[in-house]
Amino acid sequence: LPFLLPKVQGTHPDCSVVLYFQKQEAECLEIIRSESQAPGTPGQEGCRTEWDGVSCWSAVPVGQSRAVACPDILHVFKKSKVLIQRNCTELGWSSPSPPYHNACELEALGSNNDTEAKARGSPRGCYFVTMKVLYTCGYSTSLAALSLAIGIFACFRKLHCTRNSIHIHFFTSFILRGTAVFIKDTVLFSDESLDHCTMSTVNCKAAIVFFQYSVLANFYWLLVEGLYLQTLLLLTFTSDRRYIWWYILIGWGVPMVTVAVWVVTRLQYDNHGCWDDYTSLYWWVIKAPILLAIFMNFLIFLNVTRMLAQKIRSPDISKNYKQQYMRLTKSTLLLIPLFGVHYVVFALFPEHIGVDARLYFELVLGSYQGFLVALLYCFLNGEVQAEIKRNWGKWQLSMESNVFNLVTQDFTA
């Protein structure tokens, strides 16, 4: 598994385990097939190669033994020096000694593709069910808040500006990401009778492609927000609408090109499964641009903080401008959750370390990120609140005027 990459959630936690054992089984069955086709040596008896569901036992003569180690899956089996042994007898292979469940100590996650179904009554199973409920509520809340925020920015003419246009695109990327999560869950996990780890349908591939595009777009509109804030500081609070098309090209175009390259690569060289296996080297086509966007956002966060500190402390800046800088300083508090700094922290560790914390940050807190953005960029925005109050007052005056006209007409009549 790649160690220095942020995880883009798109596969079931058990799938890597299932695919590992399927690969081992396929290799073992190929050895068995070749042995069955090879001419046997007269007078030589022994135990043929056998797959026992966990390990492949190579053929040995009667009276000899074979020893194997525990399966090498870091986030499933703990490191163990114990060897499992089987003897070849006249009756065939003996039972593994010591048994797998004694020799190979399990980590928190299991190694069966039906682990989730079997563990629903266990504390671990309840943990994942609770996690899914939380991120479903989070994405639903975010979708409702973001849709309302986009409606507010679109309805009021005085809110039409470059800054709010970027916010609308940013909100839309969050809506796409939340929608993609629901679509992916529906296509891959709604039918428990299907093996989602080996599924290879057009629908599941399309769901994963849409999911990866929405994730990339979300990261790159995060980058656009940072670039725009930095541009405002460099241009001393003057905005230029000609940059908006460059921002759109970065936010929507770069992810589209990246996903197109990834799709063509998978179709040409690795067209198996549902394209959600993270052991494939072709995941670098998706993950490298994400890591680049996160790294650039982190640098922008540091640079914006530095520029704000310099401008606020400068004696040459008037009090009014300092107040504007202070308002921007408050917005930089958003840069930590918005620019994905916690993804940078997790990217420094292997993916099997801190799984619970990673799931909590990326699924639960990540699902409420859209609501937080809508809250701080729209609902708590003083300019938005003032415009809503102004239009509310105009509507009340209009209603009072209409009522007065009706009463006057009735009286004169």
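Backbone N, Cα and C atoms are what each Cβ position is placed from, and that goes for glycine too.
Fair warning: this is a prediction, and the values are worked out from it, not measured in the lab.
Looking at the domain 'G-protein coupled receptors family 2 profile 1' (27-108) alone, the prediction's average pLDDT is 81. The feature domain 'G-protein coupled receptors family 2 profile 1' is assigned by TrEMBL to 27-108.
According to TrEMBL, the domain 'G-protein coupled receptors family 2 profile 2' annotation covers 131-381.
Taken from TrEMBL, the feature transmembrane segment covers 133-154 (among others).
The transmembrane segment annotation in TrEMBL covers 166-183 (among others).
Positions annotated as transmembrane segment by TrEMBL: 219-237 (among others).
Look at TrEMBL and you will find 244-264 (among others) tagged as transmembrane segment. Distant neighbours of the transmembrane segment (244-264): 162, 165-166, 169-170, 173, 209, 212-213, 216-217, 220-221, 223-224, 227-228, 282, 285-286, 289; these residues of the same chain sit at least 6 beyond its ends, with a Cβ under 8 Å from one of its Cβ atoms.
Here TrEMBL flags 284-304 (among others) as transmembrane segment.
The transmembrane segment annotation in TrEMBL covers 332-353 (among others).
Look at TrEMBL and you will find 359-380 (among others) tagged as transmembrane segment.
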Contact ranking winner - 133-154, 166-183, 284-304 against the transmembrane segment (219-237), Cβ under 8 Å: 284-304
